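> Okay, handing you the structure first.
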Amino acid sequence: MCWDPGTHFIIAARRRSRSYICKKFPKLLKRKKRRKKEKKKKKRTNNSIKTSKYNFFTFLPLNLFEQFQRIANAYFLFLLILQLIPQISSLAWFTTVVPLVLVLAVSGVKDAIDDFVRSWQVVGELDEKWMNVQVGDIIKLENNNFVTADLLLLSSSEPHSLTYIETAELDGETNLKVKQALTVTAELGEDLQKLTEFNGEVKCEAPNNKLDKFTGTLTLRGEKYALDNEKMLLRGCTIRNTEWCFGLVIYAGPDTKLMQNSGKTTFKRTSIDRLMNVLVMVIFAFLGLMCLILAIGNGIWEFDKGYYFQVYLPWAEGVNSASYSGFLMFWSYVIILNTVVPISLYVSVEIIRLGNSFYIDWDRKMYYPLNDTPAQARTTTLNEELGQIKYIFSDKTGTLTQNIMCFNKCSINGKSYGDVYDMSGQRIEINENTEKVDFSYNQLADPKFAFYDHRLVEAVKLNDVPTHRFFRLLSLCHTVMPEEKKEGNLVYQAQSPDEGALVTAARNFGFVFRARTPETITVVEMGETKVYELLSILDFNNVRKRMSVIVRSPEGDLTLYCKGADTILYELLHSSCDSLKEETTEHLNEFAGEALRTLVVAYKNLDEDYFQDWIRRHHEASTALEGREDKLSELYEEIEKDLMVGFSGNLGQALGEAARLVVLGCVTGAVRNMAVLAMNIGYSCNLLNDDMEDVFIIEGRTSDDVLNELRNARKKMKPDSFLDSDESNIQFEKSSKKTKIIPDEEANGVYGLVITGHSLAYALEGNLELELVRTACMCKVVICCRVTPLQKAQVVELVKKYKKAVTLAIGDGANDVSMIKTAHIGVGISGQEGMQAVLSSDFSFAQFRYLQRLLLVHGRWSYIRMCKFLKYFFYKNFAFTLVHFWYGFFSGFSAQTVYDEWFITLYNLVYTSLPVLGMSLFDQDVDDRWSMLFPQLYVPGQQNLYFNKMVFVKCMLQGIYSSLILFFIPYGAMYNTMRSDGKAIADYQSFALMAQTCLLIVVSVQIGLDTSYWTVVNQFFIWGSLSVYFAITFTMYSDGMYLIFTASFPFVGTARNTLSQPNVWLAIFLSITLCVLPVVGFRFMKAQLKPTPSDKLPRMAFKPEHLRLRRTSTRRSGYAFSHQHGFGALIMSGRNMRPKSPFATTGTFSPNSEKYKHKGL
C-alpha cells in the first residue's frame, strides 16, 4: 500500500494466515507514478498508536528539555558553572549540584511514572494482538467487539450482510446504525476458503479526519465497485446485534479517522508556571542590579581604601586592579544572593501539587459506588489551574447528560402517574429507600426496570381501557429489534435510548413486545399472545419530529398509532380533545419543569375503505421518480390528522448538575439533531432558561449569512461594541503581528447562543473567527450542535487564542479526545462511551456532577494554597537574602556572608520548609460545604487576584522592608553594646546569631498570620521548626562541637553568651513588632475597605435567605428522537430480519391468573 500526497492509495489483499484472526492478507506496496519526479513514500506498518510522550531513547533529552524550559533550572545550571571557577566561587560546588540533580531527578521520575501509567492503561484497554493488524488484513469481528481499525465491510451473519454498529466513541450517540457490504463480497460469508481466495484491490482517498465521508473503489475480477461511508466500519465503533462480520483493513493505527481527529499530546503548563518564568526574569534583573551596585561599591572601596590596605588584607592572586576586583565580586555576589530564587522552591511546588492530587484521589464524595470508580488526578502538575477556570467546554451526550433513559412519569386520560404520596396525600421524594413496584408476577419483565407509583399497576390490572391503550401503543409504535436467545430472556436493540426506555416500560407493565417480521408485530398482552399485522411505518425525520405505525389487530381493527414531540402532535389533534389537552399540557409543563424529556402519544381508528385508497396512493408516491419525498410527506400529513389523545409520557434522562457551573463560561456540546433540539437540551439541563433576554440561533448556510447573524446578535447584546471608541475595536485597529487578546465585554443582559456545525465551519474561518469569539463570549451559554471532534478542538483553541483565560474541556468519548487535549485542563468521564476520553485526560471521575466539587473545592483550595505558598516563599527569601545586600555596605563589599554557613544551608531545607508545606497542604479559608454553597468565592481565581505581578511586587517590597529591619535593628542593638558583666558583645558572630534568630522568628510569625485553618500538623511544624533551630544552634555552637570539628563550627559559645542577654531579646521583640505590625494593620484596613469574597462570607452566610420558588417551565423538552431517517423502510423491507425465534409466539404469564391474583403489588 502506498500513496502520493494529495492523491489516492491502493490496498491489495493476498493469502496469508494468522492464528488470532480468521484470515490475514499482507500489504502489497505499489508505486503510483503521476510525475517524472519520484515522490516520497509513506509506509504503513501496524495498528499500534502512540499515547505517551516519551520512549526509552527520547525520555532523557526530551524531559530535560521540558524541565529546562523553567528558567530557574537553567539559572541554577549557570550558577553551577560559576561555582566551578575558583576566583569567584564563594560557596562549594556541591551546594548547587546536589539540589539541582535532586530536583531534576524527582521531576523526571514523576513525569516518567505519569507517562508510563497512561501508556500502560491504553495497552490494557486493547488486546495486544490488535497492535499487529496491518493494512490489507482481513479480520473477523464478533458481537460486542470493539473495532480497532478502519475496515471495509465484506460480509456478516445478518441477512443481506447488514451489520449493526454503535458509534458512541465517534459521535456520542448510542443509537444503532446500519452498514451493508457489497453484494459481490457478501457472498463470501464466513467461508474461509473463499476468503482465502479473495484477491481484490481497493483504491481510496488518503487518510483524513472526515468521519462522515469515504470515497474509493474496489476492483475485483476485473470489475469496479464504488465504495462509500455506508460500507465502512470505523475505529471506535462497537459491533451490536451481529453475530460476526469480516472486514478488510483500510486504515490502521494513526491513519484511522478516529486518531486523525484525536490531536497531539502536548506538554501542559499552568498559568502560574508561566507567570513564575516571567517573575524569575524580573528577579534575575533585580539580582543583576544588586550585584552591579555591590560590584561598583567594591571597585570604589578597593580603589579608595583597599589599595592602601594590602599589607593587612592583600588582594587575591591574579587581582591587580580595583576594577578587576569589582568584576570578580560581581559574580561572587551572584552566587551569594542566588537564594532570592532558591532551588527548593520547585521541589516544594512539586510536593504541594502531589499532595493536592492525593486529596482528589481520596475524596469519597467524588467516588461513584455503582461502578466502583473513584476520582483520579491523572497528572500532578495542573492542580492550581483548576481554581482559575473561566470557560468550560462540555460534550453533551454522556457527559452533561448521562446518556441513560428511563421511563419516569406519564399522564393517562388526565391522570398523572409517577409521583409517590404518603397517607396524608403529601408528595414525598423518591430515594433508594422508597418501595418499588413488584413486577415479579411478570416473568418477562426487565429486572432492572424500576417504578414507584403503585397506582399505575393497579390501573393495568383493573383493565383500564386508556391505560391498556397507552401501553399497547408503546409496544407497537417503534423500530426496536428484539433478540431472544433463550426463552424469556429478551434483549432490545433500539435505535435510540428513548425507544428502548418506552418499549421496556410497556414490557414491564404487561405489554411485551416479543417479535417482529416485515409484516407482523408480536405482543404478549397481559399473558395473551397477539399478532398485529404491520401495514405501514410512517418514518421519523427531523422535520416531522414524529413517527407512526398502522396496524391491524387480530380482531380486524385498523389503527394508526403515533408518538412525537408534544409541540408537533398538539397541532394534529381532533377538536374533541381540547379539554383533555389542557389537563395534559399542565402535566407536561410540570414534567418539563423537572428537566424531564417529554413526548405525546396519540392514536386514530381508520376506515377500511379510506385506508385502502390511502395505501394505493402511498405506493404510487413511494415509486415516483420525481418529488417522492414531498408526496410522501403530504400523505403522512393527511392520515395523521384528527388524532385522539388521552395520554402523554416523559423520559427521565440522568442530567449532570451543570446549571451552577456554566456561569464560569461557555459550554459546547455535540447534539445530533437541529438547533431547536439543541435548545431543548439546553432547557432540560437548565443551561438555558426563560429569564434570558434572548437565545440566538446561528444557522446560516453561507459565510455572509453567518457573519450577519453573529453581528446582529452582538448588536443586540452590546450596541456600543460597533462604535470606534470601543476598547476592542481600538485594539484591533493597531497593526501588530502578535495575536491580540480581546478584553472581557459585558452584554446588556443574559443571553444564550446556539450554532449548528455547518455554520460553525464558516465561523471558524480566519475572517469570521474574531466575530464568533466576541459574540460567543458575551453569552452565558453557547451550544454547538452537530459538530465534529476537530471542530470541538478548534472552538477551544479559538478561545485560548483570543481570551486571556483558563479553559477546561470535559467529555466521555473518543470524539472528545481532541478537545480534551487542546484545553488547558482536560477532564474525562468514565461513562457510557468507553475509556478513550479518560485515557487522554488530566483528571477523571464517573459523574459530571463531580466537576462542581473538583473546581469549587479542590481547584479553589489548590489555587489558594499555591498562591499563599508563593507569596510567603518569595517574601521569606527576599527578607533572608537582602540582609546580605545591606551588610555589603558595612563589609567593604567583600562578598562576606551575614549568617553562619550552617544557617544558610539549613534555612530553606529544615527551618522554614515544613511550616510552609503544612500551610500549603492543609490550609482552608472556608470548608468544602461553604465552598459549594457560595460559588462566588471562586471568582478571585478566575480573575487571578491572589497571585499576580502586583502581588509579587508587594511581596518584594515587604521583603525589602523586613530585611532593613532585620539588619539595622540587630546592628544598632549590637553597636558598642556591653554585657551585664562589662564585656563587649559587639562582634560579628553575635550579630550574625541575633540577625538570623530575628529572621526565623519573624518568618514563623508571618506564616502564622497567613494560616487560615489551624491543625495539629501546622502547630507541630511551626513550633517544631523553632525548637529544632534553637536545639541545632546551641549544639553547633557548643564547646564539644568546636573541639571535634574545629574548622566547621567556629561560632563556639556564641549562642549561650548572646541569647542570655535581655537587651538582645528586647531587640528581637522590637524587630518582630516592626516587621509584623504594618502587615496586620494593612490586612485589617483592606478587609474593611476592599474585602475579598472570603472576607464577605460571614455577612453573606447570615443574611436571611430568600425562598426560591421553582416555577413551572413554559418551555418543554421536545421529544429528541435520535433515529436515522429510513430505518422504518429497512424494517418493512425485511432485509434486517433474522429467522423467527422459537419463543416468539408463546405466552408465559397472566397477571389475572390465580397464581398472581392475590399477590401484593
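Using N, Cα and C of the backbone, Cβ positions are placed for all residues, glycine too.
Any TrEMBL annotation is an automated prediction that lacks curation.
The annotation active site, 4-aspartylphosphate intermediate is assigned in TrEMBL to ASP395. Marked as ATP binding site by TrEMBL: ASP395, LYS396, THR397, GLU499, PHE540, LYS563, ARG597, ARG786, LYS792, ASN815, ASP816. Annotation comment: TrEMBL describes 1143-1153 as compositional bias 'Polar residues'. Annotation source TrEMBL lists domain 'P-type ATPase C-terminal' at 838-1092. The annotation transmembrane segment is assigned in TrEMBL to 90-109, 278-301, 321-347, 872-890, 902-922, 951-971, 991-1009, 1021-1044, 1064-1084.
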> Please report how many Å separate the Cα atom of ASP816 (ATP binding site) from that of ASP395 (active site, 4-aspartylphosphate intermediate), as a whole number.
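Per the Cα atoms, ASP816 (ATP binding site) and ASP395 (active site, 4-aspartylphosphate intermediate) stand 7 Å apart.
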> Based on Cβ atoms within 10 Å, give me the single least packed residue among the recorded positions ASP395, ASP816.
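Lowest Cβ count within 10 Å among the recorded positions (ASP395, ASP816) is ASP395.
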> Would you kindly give the Cα-Cα distance separating ASP395 (active site, 4-aspartylphosphate intermediate) and LYS792 (ATP binding site), rounded to the nearest Å?
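Cα-Cα distance, LYS792 (ATP binding site) to ASP395 (active site, 4-aspartylphosphate intermediate): 9 Å.
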> Using a 10 Å cut-off on Cβ-Cβ distances across all protein chains shown, tell me which of the binding-site residues (ARG597, LYS792) has the largest neighbour count.
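Buried the deepest by this measure is LYS792.
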> For ASP395 (active site, 4-aspartylphosphate intermediate) and ARG597 (ATP binding site), what Cα-Cα distance in Å is obtained after rounding to a whole number?
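Rounded to a whole number, the Cα-Cα distance is 18 Å.
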> Which whole-number mean pLDDT does the model give the domain 'P-type ATPase C-terminal' (838-1092)?
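Average per-residue pLDDT within the domain 'P-type ATPase C-terminal' (838-1092): 88.
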> Taking 10 A as the limit, how many CB atoms besides its own sit near the CB of PHE540 (ATP binding site)?
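Total other Cβ atoms inside 10 Å, all chains included: 25.
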